Amino acid sequence: MVMGSHLCSKLQALSSKIKQASVSGKWREVVSGYSEIQRAGVQFNDPFVFPIVFKACAKLSWLFQGRCIQASLLKRGFESFVSVGNSIADFYMKCGDLCSGLREFDCMNSRDSVSWNVIVFGLLDYGFEEEGLWWFSKLRVWGFEPNTSTLVLVIHACRSLWFDGEKIHGYVIRSGFCGISSVQNSILCMYADSDSLSARKLFDEMSERDVISWSVVIRSYVQSKEPVVGLKLFKEMVHEAKTEPDCVTVTSVLKACTVMEDIDVGRSVHGFSIRRGFDLADVFVCNSLIDMYSKGFDVDSAFRVFDETTCRNIVSWNSILAGFVHNQRYDEALEMFHLMVQEAVEVDEVTVVSLLRVCKFFEQPLPCKSIHGVIIRRGYESNEVALSSLIDAYTSCSLVDDAGTVLDSMTYKDVVSCSTMISGLAHAGRSDEAISIFCHMRDTPNAITVISLLNACSVSADLRTSKWAHGIAIRRSLAINDISVGTSIVDAYAKCGAIEMARRTFDQITEKNIISWTVIISAYAINGLPDKALALFDEMKQKGYTPNAVTYLAALSACNHGGLVKKGLMIFKSMVEEDHKPSLQHYSCIVDMLSRAGEIDTAVELIKNLPEDVKAGASAWGAILSGCRNRFKKLIITSEVVAEVLELEPLCSSGYLLASSTFAAEKSWEDVAMMRRLVKERKVRVVAGYSMVREGNLAKRFLAGDKLSQSDSELNDVVQSLHRCMKLDDTAGPIN
């Protein structure tokens with residue numbers, strides 16, 4: 001009798017210990033306490049302890065131990081208690097064994113509101129939104145009510161599945177849950193994803209707003225491209241409502257600064273976050289700061305934040321890497337990647353995209369192939385952004401066929417990947433293939449796709465295809481409303497020689513910018529109408545448009561092709577006076593203009609006196625060499641220029657061919673032989689020039705020295721006739 005009393009006291013002590021451990025969250029002690037009871041070998045009949053034990057197993061994810069405890073209870077009939085059955089079902093649902101949880105629910109003789117909430121919550125918590133909402137509807141049919149936690153998840157499921165938010169909102173009001181802060185904030189989140197006006201209306205109606213409410217409505221405005229309103233709300237939150245923001249709020253505000261591209265306001269928010277202690281302690285704030293500074297073209301400040309932060313993750317690394325790429329500091333981007341490797345940071349798809357942009361800039365084929373291997377090994381082949389970036393990098397590295405292989409391997413060819421491939425093929429001069437890809441696209445083309453198509457039309461210089469592309473742009477309402485598309489149409493017509501159609505399209509663009517003006521000026525220049533090009537240049541300035549470096553280059557090209565040396569030098573002088581720093585292209589254009597006019601000595605003098613930060617390229621020296629050939633300058637000057645050209649581009653065939661032609665014009669046959677010998681010794685790959693003519697729907701090439709073309713006597717007669725015409729002007733005199 002004494003023994004029985006002692007054992008009873010011990011069981012009561014263990015029971016109290018289990019309950020106390022659960023209050024303190026010491027779940028291992030709960031399970032070990034229950035194990036002691038089992039080792040005592042006596043029947044334990046306190047049904048209130050079993051739910052605590054199953055809760056502990058769920059917290060620890062101890063599925064096997066929970067099953068064993070359930071088996072012992074099954075023998076003793078404790079599962080008939082609703083509270084015990086609920087705890088077992090909840091244990092299985094939280095351990096991820098949803099089937100066992102549902103089976104336990106089906107086996108329960110009686111169920112209460114908790115039973116239904118356990119099932120609905122478990123399904124929704126594991127992402128089974130549709131199944132969870134189906135069980136939620138059954139719960140209501142049987143007359144039970146959800147608890148707050150379940151209702152919050154139901155609202156989240158409606159938000160994920162884009163169900164009618166107003167219906168669930170109505171249910172919340174009818175059920176009397178609208179006064180609960182967590183439920184109100186969940187409804188607010190649901191509206192914030194799609195309707196900032198409804199979110200603001202609900203926010204204004206809320207009697208009590210906490211930091212979550214403010215953060216959600218601020219984020220809603222930022223996502224809706226209304227960052228200014230979001231910033232105003234942030235000021236109201238801090239100064240008027242006296243609500244202390246948290247890291248989530250600051251992250252949304254920094255995103256607003258990024259969208260606005262207002263780095264000054266961003267710095268103020270950075271200072272605010274420092275005073276609140278958010279800048280280094282929270283990884284989301286740090287990453288938002290890095291992104292804000294990078295996109296605000298202050299990557300040095302972005303790197304300082306990255307360097308000082310104590311809580312980096314892969315997003316931090318990707319943000320600073322993308323920042324260097326965005327600011328075109330590709331060498332530093334590579335250094336960051338090497339640092340990632342040293343720190344053993346695992347790369348992801350975002351890292352791959354940034355690295356491919358670096359490869360695109362350096363035009364390095366081997367790194368592209370290496371990254372392609374990484375994409376395959378890591379299983380990123382389903383990532384459309386990564387594959388589109390790979391296609392873009394391959395085409396930039398002249399690996400168009402490899403890019404085509406990547407496109408063919410994609411199960412779903414989205415509009416971005418197709419647009420990238422079309423642009424790459426156009427850049428490679430393969431316009432027919434580019435147009436073919438456009439015709440086989442399944443998605444509706446966007447403005448970028450149409451621009452890529454128009455670029456292909458520019459390359460083919462086929463007027464009929466350009467008109468067809470123009471028609472597509474009109475049907476998509478892009479020809480007039482989208483300035484980039486309209487400008488591309490102007491360029492396509494100009495390249496086809498249809499200058500009147502180009503001008504008509506230009507006049508139809510409702511809101512012109514400096515790019516559209518530059519394109520139409522260039523259009524007249526390349527079509528042999530320099531006077532009209534320069535008249536447009538003057539008209540543009542009169543209308544208040546400030547020419548940029550490319551506009552000046554178009555005007556200088558017009559002077560160059562028209563032989564207007566004085567006008568060209570005047571434009572160049574005005575460019576310098578207006579604080580536009582001339583680039584190598586501008587100097588090369590002036591050199592070419594002087595060389596064509598026979599002022600070889602002046603051109604050489606200009607090259608030798610270029611600014612320190614501008615180094616003459618092969619194109620500038622090549623222009624002088626071409627001038628030497630046409631003007632039969634002294635062999636000393638020719639030899640000097642040839643040496644410069646071959647030093648700058650020792651493996652480019654055009655320099656050797658031009659030098660050989662120049663020496664031949666001067667009848668220096670020894671030098672001609674030397675050029676041919678150098679080509680063989682240096683293994684220079686000679687790329688044959690070609691002309692294109694459209695026959696039917698195909699563009700055909702005629703290569704220089706093509707024996708098949710020369711065997712066609714009729715075609716050969718036409719070519720010889722054209723050759724004679726090119727050597728004569730209207731007065732039958734030689735062209736200089």
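Just so you know, glycine gets a Cβ as well, placed from its N, Cα and C.
According to Swiss-Prot, the feature region 'Type E motif' maps to 620-696. The region 'Type E(+) motif' annotation in Swiss-Prot covers 697-727. Taken from Swiss-Prot, the feature repeat 'PPR 1' applies to 10-44. Feature annotation from Swiss-Prot assigns repeat 'PPR 2' to 46-80. For 112-146, the entry in Swiss-Prot reads repeat 'PPR 4'. As annotated by Swiss-Prot, repeat 'PPR 7' applies to 210-240. If you look up Swiss-Prot, you'll see 246-280 marked as repeat 'PPR 8'. Annotation source Swiss-Prot lists repeat 'PPR 9' at 282-312. Annotation comment: Swiss-Prot describes 348-382 as repeat 'PPR 11'. Per Swiss-Prot, the feature repeat 'PPR 12' maps to 383-413. Residues or ranges marked as repeat 'PPR 14' in Swiss-Prot: 446-480. Summarising the annotation, Swiss-Prot assigns repeat 'PPR 15' to 482-512. Taken from Swiss-Prot, the feature repeat 'PPR 16' covers 513-547. Taken from Swiss-Prot, the feature repeat 'PPR 17' applies to 548-582.
On the 0 to 100 pLDDT scale, the repeat 'PPR 4' (112-146) averages 83 in this prediction. Mapped onto DSSP classes, the repeat 'PPR 1' (10-44) shows 27 helix, 0 strand, 8 coil. Per DSSP, the repeat 'PPR 12' (383-413) is made up of 23 helix, 0 strand, 8 coil. Residue counts for the repeat 'PPR 7' (210-240) under DSSP, helix first, then strand, then coil, are 27 helix, 0 strand, 4 coil.
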